[in-house]
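Let me begin by presenting the structure, written as structure tokens, before commenting on it.
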Ligand code: BG6
């Protein structure tokens, strides 16, 4: 197969916040992996932009350290060869001068390449800088292609996109005034994970589940997003956010959308995004105090208030469980459980679909019914398990539960399943928005999450305290289930 990078046009990639955490942990290593696999355009430049006072040589050195710390066994020489594509522009996000300097760099580079190159702006900065940067980029004319026929400009924004529905709408209005939707790439890095991308293939390239993917056959759906660690040094961000905003409004809802969406008809980015949004818009939103008390639950791990930068009397949840429904003929009445938490007994992200037993069922009299379960493990130990019942050898009709299991890593040994950012960056460069969240999806997510968070902030449900690594919250039932 020909290398798709061969057809990629010259591109300048500007990273705003280029000395920060995201650059160090994700962007620099992922760009290097793309380079190693020859998936970057042949003419490619990265310009780091931040307030730190560095020159090109020191920036390259920094990037080289970032890559070598993350990419095991990489060749020093290859890394140095790669960092030659990097240069640095010092500037303040709120001051025009830095952006003007960027514009003159672009002019020089394009002159050297004799093209009007593509420009990519990655906002690897805390969300409070988004507004200023969007304005400055647009006002300084940087987001306008240098020619009507050649070169595009795109902006990439990290989550959180807003803090609630209102702030998301404001940000969206601003973005909408400055850029066209096809220029905006909103990241939810879960969409870049191999196993998350596979949900579409699993559902729409196989014929066995689609006919039973509905309320007649499915009894319940559950998404678990457990992490066995705490908030680390992200106290300032996390304490103002909480678990539901941090992983519920985005990652968990995206998983849900992919699992429950209908066949989009074609697999273009527009159709897929529209279909995902349709699911999120159909979520049953809980507004009344009674509903929120019955259908939601929240907890905070012991010791959370002692974490760095956390308020000593914080009411922020580090765990939640919500039961909801989709208001569509296909899914009406099927309970959906969404659960996320830090300091849980183990780390796992998993979707479980429980099927109804057949009727009449060869089930034990008076005993539990035999149900099949599909467990789709997003991470770690990426796998798909399907439980079924089988007759135990012997004279009695005694059944036992067994498992069909597919282990991703065993099946694709040597393949890299983990680097979501590599796939995301590759998609932006190619102009494929499938793995990015549309404005419709963002707003639908906030419409669902907002009333719950607000009611929690008003204290309408108890904030349970749970011991770190305990399954105490998991064992507690929602009052709707009792
Ligand atoms: C981030 C959240 O979006 O996703 C973190 O802010 C969370 O709190 C992380 O730990 C999980 O991502 P991953 O890829 O490590 O599972």
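For all residues, glycine too, the Cβ spot is worked out from N, Cα and C.
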Substrate binding, same site as 189, 193, 246, 342 - TrEMBL member from 170, 210, 227: 227
Site of maximum Cβ density within 10 Å, from binding-site residues 227, 246: 246
Of 51, 193, 246, binding-site residues neighbouring ligand 1, Cβ under 6 A: 246
Among 189, 193, 227, 246, 342, the record's substrate binders - longest CA distance, Å: 20
Intrachain C-beta neighbours of residue 342 (substrate binding site), sequence separation six or more, cut-off 8 angstroms: 227, 229, 230, 231, 243, 301, 318, 319
Binding-site residues near residue 251 (active site, proton acceptor) (Cα-Cα within 10 Å), from 51, 189, 193: 189
Least surrounded among the recorded positions, given as 189, 251, when other CB atoms within 10 Å are counted: 189
Position of peak Cβ density within 10 Å, selected from the binding-site residues 51, 159, 193: 193
